[in-house]
Amino acid sequence: MGLETQPKNPNSPSSTTTTTTTKKLTLIPLIFLIYFEVAGGPYGEEPAVQAAGPLLAILGFLIFPFIWSIPEALVTAELSTTFPGNGGFVIWAHKAFGPFCGSLMGCWKFLTGVVNTAAFPILCVDYMKKLFPVFASGLPRTLAILLSTVILSFVNYTGLNIVGLAAIGLGVVSLFPFVIMSIMAVPQIRPHR
């Protein structure tokens, strides 16, 4: 898919082929895809702020990525360069523990992906029901879940470029209220408190 072969001279009987790679994803869509894969959006931090208070919650949000993400990124980089291939952690488990454990790893990841992906349309409708109470239960809720499943499936079917653009759009829409609230809060800052 990413490789296209084209003959150098179509009239030549012994034409050789050259390989060109096409760039599938640029940096900004990749950043938003990683953001939604890791964080899922800016929602859900409220319980941490309520439980620990604003200072400890913000410190936790700033410190925890360095404690967790940097070691995980280093392990992933090391294993990816040691065992290159398109299988990721399935290859790592296969090489370390044998084919049975590699197969289990692949099956478990597939199962968690299916369960995770099935939760997104319901989560989407749960967010919508706060604005539109008609989606709280019954047939409208079921139809909204079905429609969001079809729309998300279609977006994924169209390809990685469209998914990246959709991630940018969704990121802008989901972060926009937080940007507006931050701008509105700046005049309310009282350093003497």
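The chain as shown is numbered from 1 upward.
Glycine residues also receive a Cβ, built from the backbone N, Cα and C atoms like all the rest.
Any TrEMBL annotation is an automated prediction that lacks curation.
TrEMBL assigns the feature transmembrane segment to one of the listed ranges (98-117, 138-157), namely 138-157. Packing against the transmembrane segment (49-70) from elsewhere in the chain is no residue: none 6 or more residues past its ends has a CB under 8 Å from a CB in it. Sequence-remote contacts of a segment are chain residues at least 6 beyond its ends whose Cβ falls under 8 Å from one of its Cβ atoms, and for the transmembrane segment (25-43) they are 127, 160-161, 163-165, 167-168, 170-171, 174-175, 178.
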